[in-house]
Each structure stands twice: as C-alpha cells, then as structure tokens.
Amino acid sequence: MSDTTASRTAAAKGAGGFSIGRLLLEGRAFFALIVIIAVFSFLSPNYFTVSNFLIMASHVAIYGILAIGMLLVILNGGIDLSVGSILALSGVMAGAMMQGIEIEAMGVILYPPVWAVVVLTCTLGALVGAVNGVLIAWFKVPAFVATLGVMYVARGVGLLMTNGLTYNNLSGRPELGNTGFDWLGFNRLAGVPISVLVLATLAILAGLMLSRSAFGRWLYASGGNARAADLSGVPVKRVQITVYTLSGILSAIAGLVLSSQLTSAGPTAGTTYELTAIAAVVIGGAALTGGRGTVRGTMLGAFVIGFLSDGLVIIGVSSYWQTVFTGAVIVLAVLMNSIQYGKGARKG
Amino acid sequence: MNDTPTPKPDLREVVLAARNVAKSYGNIHALKGVNFDIHRGQVTTLFGENGAGKSTLMKILSGVIQPTTGQIILDGQPVSFQSSTEARDRGISIIHQELSLAPNLSVRDNIFMGREITGPTGVNFAEEERQVRRLMAELEEDIDPLTPVEELRLGQQQIVEIARALSVDSRILIMDEPTSALSATEVEVLFKVIRDLTSKGVSIVYISHHLEEALQITDHAVVLRDGNMTAYAPRADIDLEWIVRNMVGENYDLGSPPTGYAFGDTALSVRDLTVPDPAGGAFNVVDRLSLDVKAGEIVCIYGLMGAGRTELLETVAGRLRAGRGQIVLEGHEVSHLTIAERIARGLALVPEDRQRDGLVQTMSVGQNLSLASIMNFTKGLFTQKRAEQDLIDQTIRKVTVKTSGGAAAIGSLSGGNQQKVVIGKMLATNPRVIMLDEPSRGIDIGAKAEVFRLLAERAKEGLAVVYSTSEVGECLSIAHRIIVMHKGRISAEFDSTVSKEKIMAASGESVAA
C-alpha cells in the first residue's frame, strides 16, 4: 500500500477528460456573455463601441458590488435580502450628511467633508450587516428571515428620515468644503468611470481574500460543511458575522456610487436589487447551498445580466420583455448549476 | 400481501433468498456475493461487525437500494424491486436502524405516512387512530396516537417504528437493530410480538449487536464479515463462541501495542467529567468520568451504541459543553477554551461520522488536509501556497492517502482514504493528544490495519492516542489499555491481555450464555 502519488502540479484542471460539453458547462457564464455581446453587436451598430461598453459597465458596477457581498454570504450558505435596503439607507444617510447635520442644542449645522461622509456611510452599512450576522450566528434566526426583517427595517428607517422624499442636492458647496461627492459617479480615470474602477478593485480584493487568505478558506469550509469546519477549529460564527458585515459595507459602497451617479438619494432606491445580486451570483455558478462559487463567476454573472438588459434597451425591446429574458436566464443558470453539482450532492 | 397463515407453517420453505448478491459503491465493496435464505415463519439473525455489510444486505432485500450484481428470489421467482414501496407491496417491510420518523407529526400520522386511509371526506383519521391504538395495545405500550413523535423518548420512537412495520401486515419483516434503544421490558414485549408473528407464518430477519439477546429469539444464524457470508447454521448447532469466532475471524490482525519505549507524563487528564444529555434529556450521557492518558500511550474506549463514547470525546474536544468536571491538557485546564484554541494547544479529534463532521465535500483533498492547520502557513494576510503544498504532499505521503494529488476531489477517494484524510488533517496540526471516534467505521480491513499502524507509529513518537470502537477485535490490537464504557461511566479497565468475552461482558453486552 505504498503507491501513493503526490504530484505537485497535478490536476489543477481537475480530474476527468477534456470534453467540449464539460468546457461549455463550466465556462457557461463566460460563453453566455460572449453570445450576448455577439447577438447585440449584430442587431445594433451602437452596441459594440467602447463608450457603450463603459456606460454599460458603470450600470453593472452597482449590481456587481452588491453581488460580491452576496457571493460571500451565499458561499457561507446564507442569503442576504437586505442589500437593496441597506443601499437605499446608506444613500439617504449620505444625502442627509451632505445637506448638513443640524444639532439644535448647540445651534450649529455640521457639514462633514466627503471622505467623512463615505467613512460614516460605510460604518452604517457595516453596523446593519453586523446586525444580520449576529441575528443569524448567535440567535440562530434563519438567514432568510433575519435579512428579510432587516430589509424592511432599513427601508422603513430610510423613509422615516426623509419622509419619503429624495435629497436632490448632493454636490455640496465650495464654501463649506464638502464638494466632490459626484466624483464617484461621474468622473473618469483614464477614460474609465470611477464606479467601474471601484468595482474592479473590490472584485480583486474579494478574489484575493477568497483564494489566498485563511479567512477565504474558512468561508469555503464553513459553507461546505459547517460541522466539519467547526471541529477543525474554524471560528464558524465569526466567519458568519464577518460575511454579513462585509455584505453590509459593500451595499453601502453601492449606495454611495448609485446616489453619486444619480446626484440624488431617495429611500426607494435599490428596490429588488437584492434579487438581481442573487441572480448574478447564481448565474456565475455559485451553489446556493454554500461552499461553491468564485468572484470571477459572479462578475461574469453581473455582466451577463447588465449587458443583456442594456442590450435589450438599445435594440428597443419592451421593458416587459427584459423582465422575461432576465428570468429565463436565471432559470437556465440554476438548471446548469444543478447539472454541474447535482451528481453526488444527494448523498447523506 | 395477505398471505393466509397456514396452521402449521412448513419450516423448510424458503420465502425470500439472495443469490450471489454484491453491492459496490465506487471502490468500496460493501457486499461480495452473498447467498442467504429466509424461511417461512422463522427468525433468521444476521450477525456481523460494523461495516460487515448487514445493513447493505437488508436494504437490498427491502428494495431501498439495488444490488450491483446478483438476484433476489421471492417465492421462487426472481424479482427486482425498484423502491421500498414496491417491496412493501410484495409484503416485505423493514425497520431501519436509523429512525425514519417525522418528528413533527403525530404517532398516528407517522404510522400511516404515505399510505393514509382515505374515505370520501379525505383521510379517515378515526380509523387510523383505532388501528394505532390496537397496535399499541399489542405492543403493550401506552403511547397516545396523537402525541407528536418528538415528545417521545428514543425507545418509544423505536416502538413507533416497529408499529409502523407491523401495521402493513408484512410476510417478511426485517428488523435492523430494533432493540438498541429499548428497555429490557420493552425487549421482552417485542420478542413476544415476534413469536406471535412467526406463529402466523411471518418471517423475520433480525439484526442485533446484542448477541445473547439475538440468540434468545433466532432460529437461524448467518454471519457476515467484510461483505462475505462466513457461516450459516440453525440455532441448535451454534453458541456464542461460534458467533464471535465467525464474526471476528481468526486471522484478524490489526497489530499489537507498540513497545520498546517508556510513556511520558500525563498528556490528557479528565476529572469527574459530567455531560448532560445534549438532546435535553434528564440524564447525563457522561457521568462523573475520570481518565488519564500518558504521552505515547494508546487507550481504547469500548462500549455499545449510546454508552457515551462519542459524547465524552466531543466534550473533551470542545464540541459539547461539560456540565461539571475538568479537562486538563499537559497541565493546563482547557475546559473554557474554544475548539480552535484546544487544537492550537495540541488536542485533536477525528470525529465519528466523516461525511457529516469530518470532510468538506466541496473542497479538494488538499484543502481538506490543510484546513485545521491553515494558520500555520498564513503570514500576514495571505496563506503561503508553497508551504501549504509542502504540508499537503507530506501528509498525503505520511498517512498514505491513495489519490492523484492534492487537487483531486474528496469524493473520488474510497472510504478508507477519506478517513485517512480526516486523520491526516488533524495530525497536521501537530497534536499532543489525538482522539479518534470509531476510526474504523465503514472502512475495509486493509485500511483499518493501516490506520492502526499509523497511530502506533505516532504513539512511539510520544503522541497520546485515544480511540473508541464498538468492535471488540479492535480493542485487542494496538491499545495498551482498554476502557469499557457503559451508560456514561467506566465500567471496567483492562490491559491488552484481556479476553474478548470479558470486554463484552463489561459493556453490558451480556455473554453469559
């Protein structure tokens, strides 16, 4: 019994033969994106241009940032329905701070600089996310229910703060020293919108975290089998709280980008965005049962959804059809996921 | 289905037979061509250790799984059941070892699950209830048909499971460990019911680890070992010693206690450890238990199912909370530490159920191996790929995992190699004490011997080893000391020269016959 093989470089591609079917299945999000781009480029001369791609990418940025957070949560075997609401609440918070915080007792109005607004907003997102995490990890509330509750509460707080209205003036005033909020949504660096750069940076960071850090491994392990991870010394609860906190922070960042793009912050922004984010993660090949999924796949999923819906707009298809198409793509993606992961998954 | 019971059943009539039945799961051969007869109106008992293939055979006979090769012959006709429902319709039903009840439903709803008695206005609950009451009266059990199953204690749940099998009027009833949670009185009643059934022409297949108990009721004995049938005889020709000999085998060498070195200081010391029932029962699963293990010593904990072995090990590892008592690792109290902190201090557990507690199926062999020691090769924010790969390669070599490499899927490995991965994962943390809960469960004899050899080697290097088992042959292998647990306490302690019978007697597995 000594025929042990321990090859250093072996089988990075996994065992099994090379077949086109398998390649298509595993790279499905990538191929879907190629098909979408090819079809729309054929249908509309305006689709295949650099400027259009950059515009579409800046639309994708919002969903994409949310989807990264959602991926972390789904890898853990959970779900976060509150991201759209946290996005809106963060936008409203940022808007309120840009308008100035009036402290009546002292009779002053504070105008925090933009960097402070960003930091405070992200902190808020982290706090709300941590509430999710604590409810789920310590109080054993099912993730679906906990985040559903937080979704309503966050949305409600946003509505209360603004009385249902929208903050329209977010550009700040030079004499108050708080200009520059629109930088996130409007400016470009070397021709690339800042929002796209933010998405790229966050995606790379998340990718590194998942593939190279101990935390990433803990996340995959606790999503794949929490009991085994626990017995191997993985701090399962801490991992759980951390992923919801990160998802909250990413939602807040998405909220900042969105309100900067719109130069307005309303409490009804981001409604149903959580579903789009989940769709992106699923199309990207992650398993909703946890433990499987990559940032690369999720990014492809986000681009598939974004490029598809923008393409339909460009060729002038009714928005009702867009909904139908998006739904069909999601169902197809889940179908492929169950083909890929179905075998052996039923074993007790 | 309703076979008219003959007043004098023909004793030699074979109702159900297995011919050359084999079952493989990938590389694992659970059954290797077994022949087996069930006689009308008689009790046939299957003996065999864990992993011998008893449950697999019973699942095949009852249609739960299909054999890889071989034939099932019912009343002289070859049959092939595609599902347990099909088998049930032909009069074969099974009481599974693991309870298959829906805890949220009432006793009545569980008993009639999937074959509700329906009338013009939906389910006829009154009729169902009447039948359940009759069954319970027959089993002399005072269980109300409307009680939710989750409110019953385990033994009563087992009664419900038995009642469900009785309620279908089977001709052949397979009982896989029906008495493991029953009290002595309940076992008596069950045996009365069994005799009653056999006199009506029902054939019973019985599986039990309680050898003496099984001998009371059986008419024929069949012994399985490692997927082969090793012996077959009527009751008159056999005794306990015959069963044990055929179960365990003569040439069953799992090594001997390593010698030629002195034990070190006490590595693990458990003092008055008490663990309340994790399911919320009023009793203690571990009851004021004390145990010392020295560095380099190998201790085997033997006990029946429910003796408290798993709970003891999981409490020491930090999975379960101790009610009272101390756990001291190399002079440091560790009871208040988390699992991760205990692993860092050198206390590792290889859990009993490797699928549920040991492996992460979504990760590769290498990622599973490095999971518990990942902080050892994390510098700053990132893991060091090279260091991790070295550790993986080294561990694969040391514990002799047969795999194409660290990147292989964990599901591609055989049971024995998967178990080695779990052991390798914990050994990679450089433990001072390693505890293994039923390390040989569901792995073949070759892999078993390798696992034990590996542990013996590490013990020589000063590792304290504690392993639990429910197979007496495994106690008499590498262990320097054998501890027998019964109802949460140590009922006996032996050195490695003790006889199998003595160990079994101390566990409550009475062999006085």
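Placed from the backbone N, Cα and C atoms, the Cβ positions cover glycine too.
Unlike curated entries, TrEMBL annotations are predicted automatically.
Here TrEMBL flags A:29-48 (among others) as transmembrane segment. With a threshold of 8 Å between CB atoms, the same-chain residues lying at least 6 positions outside the transmembrane segment (A:29-48) that come near it are 283-285, 297, 300-301, 303-304, 307-308, 311, 314-315, 329, 333.
With a cut-off of 8 Å between Cβ atoms, the residues of this chain six or more beyond the transmembrane segment (A:54-74) that come close are 80, 83-84, 87, 143, 191-193, 195-196, 198-199, 202-203, 206, 219, 223, 243-244, 246-251, 253-254, 257-258, 261, 273-274, 276-278, 280-281, 284, 286-288, 290, 293, 295, 298-299, 301-303, 305-307, 310. Per TrEMBL, the feature transmembrane segment maps to A:54-74 (among others).
Feature annotation from TrEMBL assigns transmembrane segment to A:81-101 (among others).
The transmembrane segment annotation in TrEMBL covers A:113-138 (among others).
TrEMBL lists A:150-170 (among others) with the feature transmembrane segment.
Beyond its flanks by at least six residues, the transmembrane segment (A:190-210) meets 54, 57-58, 60-62, 64-65, 68, 71-72, 75, 183-184, 216, 219-220, 250, 253, 257, 260-261, 294-296, 299 of its own chain at Cβ-Cβ distances under 8 Å. Residues annotated as transmembrane segment in TrEMBL: A:190-210 (among others).
According to TrEMBL, the transmembrane segment annotation covers A:241-259 (among others). Long-range contacts of the transmembrane segment (A:241-259) within its own chain (CB-CB distance under 8 A, at least 6 residues past either end) are made by residues 61-62, 65-66, 68-70, 72-73, 75-76, 78, 80, 82-84, 86-91, 94-95, 118, 121-122, 124-130, 132-134, 136-137, 147, 167, 170, 184-185, 195, 198, 202, 215, 219, 265, 269-270, 273.
What TrEMBL records for A:271-288 (among others) is transmembrane segment. Residues 26, 28-29, 32, 62-64, 66-67, 69-71, 74-75, 79-85, 87-88, 151, 254, 294, 296-302, 304-305, 326, 329-330, 333-334, 336-337, 340-341 of the same chain sit 6 or more residues outside the transmembrane segment (A:271-288) yet have a Cβ under 8 Å from a Cβ within it.
The transmembrane segment annotation in TrEMBL covers A:300-318 (among others). Below 8 angstroms of C-beta separation, residues 29-30, 32-33, 36-37, 39-40, 43-44, 46-47, 52, 55-57, 59-60, 63-64, 67, 276, 279-285, 325-326, 329, 333 of the same chain, each at least six residues beyond the ends of the transmembrane segment (A:300-318), sit close to that stretch.
Residues or ranges marked as transmembrane segment by TrEMBL: A:324-342 (among others). Outside the transmembrane segment (A:324-342), and at least 6 residues removed from its termini, the chain residues within Cβ reach (under 8 Å) are 25-26, 28-29, 32, 279, 282-283, 285-287, 289, 292, 301, 304-305, 308-309, 312.
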Within-chain partners of the transmembrane segment (A:81-101) [C-beta distance under 8 Å, separation at least 6 from its ends]: 62, 66, 69-70, 109-112, 116-118, 120-122, 124-125, 128-129, 132, 144, 147-148, 150-155, 157-158, 161-162, 166-167, 169-170, 172, 176, 178, 181, 247-248, 250-252, 254-256, 258-259, 264-274, 277
